[in-house]
Every structure is written in structure tokens, then in C-alpha cells.
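S.K.: One structure follows; several queries about it will come next.
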Amino acid sequence: MLSPAMISLPWRPDAAEYYFSPLSSQPWAMLLHSGFAEHAHNRFDIIVAQPRATLVTHGQLTTLREGETVSTSAADPLTLVHQQLAHCNLQPQPHPHLPFLGGALGLFGYDLGRRFEHLPARADADIELPDMAVGIYDWALIVDHQRREVSLFSYDDPQARLAWLEAQTAPVAATFTLTSAWRANMSREEYGEKFRQIQAYLHSGDCYQVNLAQRFTATYRGDEWQAFRQLNRANRAPFSAFIRLDEGAVLSLSPERFIQLRQGDIQTRPIKGTLPRLADPEQDALQQQKLANSPKDRAENLMIVDLMRNDIGRVAEPGSVRVPELFVVEPFPAVHHLVSTVTARLPAHLHAADLLRAAFPGGSITGAPKVRAMEIIDELEPQRRNAWCGSIGYLSFCGNMDSSITIRTLTAWQGHLYCSAGGGIVADSEEAAEYQETFDKVNRILHQLES
């Protein structure tokens, strides 16, 4: 039950940026950021770097590196994460104010779901970022925006870690700039064909909802961290993240929690239903009411609430699944979202990894029934989703977990930047409106990088 040693650092609201900037070019440096958001879930920023071990999954194989030791395994990747956490033999009591006390933190890409469900392999796997990239970290710096505290903990020597942090200097980085226009991976006509194919599946009773996305690509040069800082300040998303890997980087501006686990309490907050913000306050308020009262958006949202109740119910204590919030409109800088909340209890004999596996990937970005929707996505979307629509988050030594759905997320790989956007299509969806929604969700991000 070893607890980490902890020191307090002077408060500054930009502490996460201040301490992470010099680390931002180091592989396995990762930042979970609450996006300076005026949002109920804007509380913690978490910085990690220099993991004691890493787990990287490509397809059927996971490579585990711990110091000089390298091994590979075809076992379930989340089982390997659980085993690696147990191997560290660090089981601190949960802290009253800090959610993360070291543990596994990183990326769980959408295509990791292929390890848990049998899916076809039609879509082109053209981005070679890992399906899972998770570090095991025995220290972290945490910024608590509610208590206005900056804490550094380590299971080794926090003063030595602070000295290391303060000795880091940011390399001189080339200014970030796009070197091409954004281009979509499907034309308007091709989107229409795919939309109508989904409608045929829906009307035949094959499925109830399918999330169809298009992907935008541009070339770039310069420092991805610069791009993230600009986007993060402009979009203020409560589940933002920056992940630096050997192969590339992931820049996430997600508004959506996937699953949180705190002392056995489970919470998931699926987003389904979107309308763009309007400049005129009165018109914007009407837009909120329109979304709140939209039968189509409420039906979409309810389908995913039922799906998440079912997924979480696979591992939750019987009778513990609840829906305390249904159809709440939350405003974000670019759009209004319709959000619901599902809660439950996790039995003491199960681990956060069991919960993550039971619900992965999140139903809000697949459709329902989930496996059939994922099959249709693989059939109709030209490329695999990779990091997009997976999760970024942590499984702490203390048993806690929190994770996002990686929407509004960019992948940087080999001089290319990829950004996808989709929407849930149901039987009464309108093709033109669904097509426009994909732009409403990411236009703000794409244009900010162009400028």
C-alpha cells in the first residue's frame, strides 16, 4: 500500500503548459489537459514522461519494453496492461483530491477494438501509429484548477524529479504551418452513396444507427505542440490531450468523457446530438432549445444510452446501472452537444481494465448494435480510424480510471495531419444535414490551423 511522496509547487493556471513545453518533443511525454474550459469537468491537467515501461500494440502483437528488456505477446492488450500494473506492486489508497497516482496512461486507438470483437479488414490501414500506446508512469505533475494547486508526486524522489523537470529546456522548434489545403477522403457524391447504403441497412432492420465519418488530410511542417497549444486555447475542450510517440503525435480536443471509475463508481457521458453555435445570443439560445427538443437527436442519444447501459452492465454490479441525466444540452465554443450520463458500480473483484474492455470502443462513435455498426463502418469508410474515436486516458495504481472519446482529434504522422468527423445516421436522418454536421464539428479546428 505504498503511497507516493508528494510536493507542492507554486500555483499558476498555465502550469501544465509551462512544465510540459520543454518535454513536448520527448517520445512518451503525455499531457491530459482540461482545456482551460468553463465546464464542470474542467479540473485536472496531468503531465507524465519517462515511463518505467511501455506497451505498444500493432495488430495481434504487443511489445513490452522495461529498461533494456523487450518482449512480445499475443495476449489481450488490456490484460497485459493489468498485469504490468500488478507487476509494479504499487497499490496506494485513493487520494482525496488527486485522481491519478501513477499507473498506465496513453492511447487506446479505435482499432484496438479489433482485439475484442471479430471484425472484417476491408478499410485501408494507412497510418502506422499503434493500436495501443501506453506507458507505465511512477510520477506525475497534476494541476488542480478547482483547488488552485500544483502537485508533483513520485514513488522515488519527487525533489529529484522536480530538479529534472526544471533542467529541461525546450528545443528550438520550427514554426508549425500547413503546407497544403485540407482534402477529404470522399466526395460529396461518395458520401451520399454511403449514406444511402446505411439507410438501406437501417430500413431492412439490420441496425438502428451507424456513425459515418469522412477524413480530412493536409501536409504540414514544424512543431505539433505549437499547433496543439493554439487549438487548445481556442477550443477549451475538457478532455484535451497531447501525446508524443516515436512514430508521431496525437492532438486531441475532445469534449467527451468515455468512462470514469472512481472508488468503484462508474460514469460514462455519451454525446449524441449536435448543432452549431450562433453568434447572436438570442439565436444561440433558440439553437439550444431546438437541440433539446429534437426528436431525431433524442432518439439517437437514447439508442447510445441503451448501448452504454448494456456494455457497462456486462461487468457492473447487478441492478446498479442508472441514468441520472438524460438529454442535457452542453455548449462548447463551436457547437452545442446533447449529453446523457450513465452510472453504475464495479464489483470489487474486477479491475478498470475489465470495464474498459467491456465497453470499448465507445458506442457514441459506432452506432447500434455496436458490432454490426462497426462492420458497416469498416465496409464504408475508406481508411481505418486509428487514433480517432478510440480513447485517451489512464488506469491508476489506486484503481481509478478516466478516459475520453478521441473525437475532435488530429493524428500527425510522417508530415501529414489527419482529422476526421462523423455523425450518427438513423432512419429519419437527412443526407444534407448529416454531411454538414461533419463540417460543423471540425471546421473551427481546420480553419484555425490554416491561419
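Every residue gets a Cβ built from N, Cα and C, even glycine.
What Swiss-Prot records for this protein is below:
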type: BINDING; residues: Ser34, His41, Asn42, Arg43, Phe44, Pro238, Phe239, Ser240; note: L-tryptophan binding site
type: ACT_SITE; residues: Glu256; note: active site, proton donor
type: ACT_SITE; residues: Lys272; note: active site, N6-(4-deoxychorismate)-lysine intermediate
S.K.: Measure from the Cβ of the residue listed as 'active site, proton donor' and count the other Cβ atoms within 10 Å, all protein chains considered.
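M.R.: By my count, 25.
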S.K.: Using a 10 Å cut-off, grab the number of neighbouring Cβ atoms around the Cβ of Pro238 (L-tryptophan binding site), all chains included.
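M.R.: A count of 24.
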S.K.: Take the Cβ of Arg43 (L-tryptophan binding site) and count every other Cβ within 10 Å, whichever protein chain it belongs to.
M.R.: 17
S.K.: Can you tell me the CA-to-CA distance separating Phe44 (L-tryptophan binding site) and Glu256 (active site, proton donor), as a whole number of Å?
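M.R.: Glu256 (active site, proton donor) has its Cα 15 Å from the Cα of Phe44 (L-tryptophan binding site).
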S.K.: Using a 10 Å cut-off, grab the number of neighbouring Cβ atoms around the Cβ of Ser34 (L-tryptophan binding site), all chains included.
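M.R.: There are 23 such Cβ atoms around Ser34 (L-tryptophan binding site).
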S.K.: Taking the Cα atoms as reference points, how far is Pro238 (L-tryptophan binding site) from Glu256 (active site, proton donor) in Å?
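M.R.: If we compare the Cα positions of Pro238 (L-tryptophan binding site) and Glu256 (active site, proton donor), the gap is 8 Å.
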S.K.: Applying a 10 Å Cβ distance cut-off over all chains shown, what neighbour count does His41 (L-tryptophan binding site) have?
M.R.: 16
S.K.: Hey, what's the Cβ neighbour count for the residue listed as 'active site, N6-(4-deoxychorismate)-lysine intermediate' at 10 Å?
M.R.: 28
S.K.: Among Asn42, Ser240, all listed as binding-site residues, which has the most CB atoms within 10 Å of its CB?
M.R.: Ser240
S.K.: Rounded to whole angstrom, what's the largest C-alpha distance between any two of Ser34, His41, Asn42, Arg43, Phe44, Pro238, Phe239, Ser240, listed as binding L-tryptophan?
M.R.: 12
S.K.: When a 10 Å sphere is centred on the Cβ of Phe44 (L-tryptophan binding site), how many other Cβ atoms does it contain?
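M.R.: Result for Phe44 (L-tryptophan binding site): 21 neighbouring Cβ atoms inside 10 Å.
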S.K.: Give me the long-range Cβ neighbours of Phe239 (L-tryptophan binding site): same chain, 6+ apart, Cβ under 8 Å, in sequence order.
M.R.: Leu32, Ser34, Gly35, His41, Ser252, Ser254, Pro255, Glu256, Arg257, Ile392, Ser404, Ile405
S.K.: Between the Cα atoms of the residue listed as 'active site, N6-(4-deoxychorismate)-lysine intermediate' and Ser240 (L-tryptophan binding site), what distance do you get, rounded to the nearest Å?
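M.R.: Between the Cα atoms of the residue listed as 'active site, N6-(4-deoxychorismate)-lysine intermediate' and Ser240 (L-tryptophan binding site), the distance comes to 19 Å.
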